[in-house]
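If you check TrEMBL, you get these features:
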type	residues	note
ACT_SITE	E176	active site
ACT_SITE	H252	active site
ACT_SITE	C370	active site, nucleophile
BINDING	21-30, N112, 139-140, R216, D254, N364	substrate binding site
Amino acid sequence: MAKHAVEANFDGLVGPTHNYAGLSWGNVASKSNVNALSNPREAALQGLAKMKRLADRGYVQGVLPPHERPHIPSLKALGFSGTDAQILARAAKSSPSILAAVASASSMWTANAATVSPSADTDDHRVHFTPANLSAKFHRSIEHRVTGRMLKSIFADEGYFAHHPALPSVSHFGDEGAANHTRLCGGYGDPGVELFVYGQIAFNEQAPAPKKYPARQTLEASQAIARLHGLKDGHLVFAQQNPAAIDAGVFHNDVIAVGNGNTLFYHDLAFLDEQRVLSDIRARLTGAELEAVRVSSAEVPVSDAVASYLFNSQLLNTPDGMLLAVPGECREVPSVSKYLDKLLASGGPITSVEVFDVKQSMRNGGGPACLRLRVVLNDDELKAMHRGVILTDALYERLTTWVEAHYRSELGREDLADPMLLEEVRKALDELTGILGLGSIYDFQM
Ligand SMILES: NCCC[C@H](NC(=O)CCC(=O)O)C(=O)O
């Protein structure tokens, strides 16, 4: 008998160094906003407001804390030495791009934090976690150790939760986590189908691959995760992302497709072999019929999908259908806004659309879906996890006050070398681990 389970969403709390450094070649928004001034305080408050609205609607909403940035241990590993202030000054002088990379608040995009397989799918009936190595971009490749520590501290009970280290950090095993992983199922507690989408086959140079932008996820990485998580063939579909989509700026599958329950909402350019993907899912999905909601290029050109982040929406169950939680930009791009009206009138599985303002994150290429990691938990697992990170009214108030006390409202490139910023961050994060009851998780706390 399937156990009752819910989908909990863990949003990354935006860190105090949120800035626009243009670090992600292949991510159109990141490149086009390079050197714009950011507002970390507004960014964090926008993220918290999204969490609060969803928590108020009854969804289980969690928070993952930001990472320590600028990350001094990474600068030391690259040969910068001296006091922390000297290290920052030396890096700023000789290698400002490296300093920007180790100062990025990119851990906010927790869809890239890890791949998570629910216990209903895995061999040993535990929930399995593998932090993503994010090896495609230096600034993101330094996230996985601390991400792993956080996940272990939140999901500590080994009777329920299994943690794997990130895959080897080389391009052959490039892994971007849940942004390229979608689970389809009947009820959340039923066995599901885990759809792994990859951009490239690493060990086959003849296989199709994007020409302009990098493919961040390999088939070999996706297969390794499936093995580690103990997923049998009946739970698995591997699909190649359309290389043309990657070259159009779709650097993760979650910029062009989103799934929930029995529904896959996707663009016609999402997959290299769309028909096979659908039939493979249909052949494995038990207890539910796949609802494929396909958006054609004629209705929404891929450039509009990238500009609006239509597919980087959260697709959530409601008592009478599904809610699509879209970024505000979707109502600003005419083809997308028109499409949404048509979608609502179509009588399909998606019955409501709500707009969320996450503009600060959007300008770095992260929409509502990038900001959350989904963890399906049955009632026992939900009880077993550390509850201090679940958003309640009180925690929301506490975190809002914390942001207002510690965050700057303007940050530019030259601020990243400010030793005061580093001090502010450490003070804030030290307080935060106390608020969330997480113990010591940061390097500076060890
Ligand atoms: N899932 C959304 C991830 C967005 C993220 N952007 C960035 O890292 C941009 C950071 C900057 O350019 O400052 C990325 O591309 O991995």
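Cβ atoms here come from the backbone N, Cα and C positions, even for glycine.
Note that this is a predicted model, so its numbers are computed, not measured.
Structure coloured by features recorded in TrEMBL.
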| residue | record | Cβ contacts under 8 Å, 6 or more apart |
| --- | --- | --- |
| A21 | substrate binding site | V34, N35, S97, A100, A101, A103, S104, H139, R413 |
| L23 | substrate binding site | S30, A100, A101, S104, S106, K137, F138, H139 |
| W25 | substrate binding site | K31, Y213, P214 |
| A29 | substrate binding site | M362, R363, N364, G365 |
| N112 | substrate binding site | A132, L134, R140, E143, E176, G177, A178, A179, H252, C370 |
| D254 | substrate binding site | A111, A178, A179, N180, F311, N312, A369, C370 |
Revision key, fill the gap. Using a 10 Å radius on the Cβ of R140 (substrate binding site), the other Cβ atoms enclosed count 22
Check your understanding: In sequence order, which same-chain residues at least six apart have a C-beta under 8 angstroms from N27 (substrate binding site)?
Key -> G249, F251, N364, G365
Point to revise | Among W25, N112, E176, C370, the recorded positions whose C-beta sits under 6 Å from ligand 1 | key: N112, C370
Practice item. Inside 10 Å of the Cβ of E176 (active site), count up the other Cβ atoms and send me the figure. Key: 32
